[in-house]
């Protein structure tokens, strides 16, 4: 049974989502503020965090940043509007996905399960790209022999690119493969995740040699020369 931490200040929304997600088979702990949510996170280890953007005191963006300093738990943001700035800031803060309110419990449940599947083990082979080694059995990535701390979404994106070295994948292809949804052209999810992934796997993230941008298409993972 997946365990969730729901951080939402609106009592009605928090209660409704807690009830719906519990009925869907999740164990749900709740907090009404960012401070309380961070305290709960120190006391228990959820499988995933559902985090409202507009919180009293510490907002959802800052909560997300603080979590990402020490933890790679998957995070889904709840935002009241499909605002470009809110979405971009949220994704750059380290969120794996976002859902626009109002949201039905079963829709959020589908997103949660899709995010959790990204960390599931798959094939038993490994792949090497220079100093970068991807172990698909252990679901680990090392660079120069040191473990990299990737979120489930970052790991899944790297796995999908590594299956097709040298092949360009469009943003829409990556949305389907990694996020399991067509977001009506919302390539910001892909671009933000690539940016975070490059910061961890590239020697010089501003001049990437592994994860290359294919102009007008998307991205590819290049084997080292």
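The count begins at 1 with the first shown residue.
Cβ atoms are placed via backbone N, Cα and C, with glycine included.
For 3-116, the entry in Swiss-Prot reads domain 'Response regulatory'.
What Swiss-Prot lists as 4-aspartylphosphate is 52. The Cβ of residue 52 (4-aspartylphosphate) lies under 8 Å from the Cβ of 7, 8, 9, 10, 13, 60, 77, 78, each of which sits 6+ residues away along the same chain.
Here Swiss-Prot flags 124-223 as DNA-binding region, drawing on sequence analysis.
Sorting each residue of the domain 'Response regulatory' (3-116) by its DSSP state yields 55 helix, 24 strand, 35 coil.
Restricting the average to the domain 'Response regulatory' (3-116) gives a pLDDT of 91.
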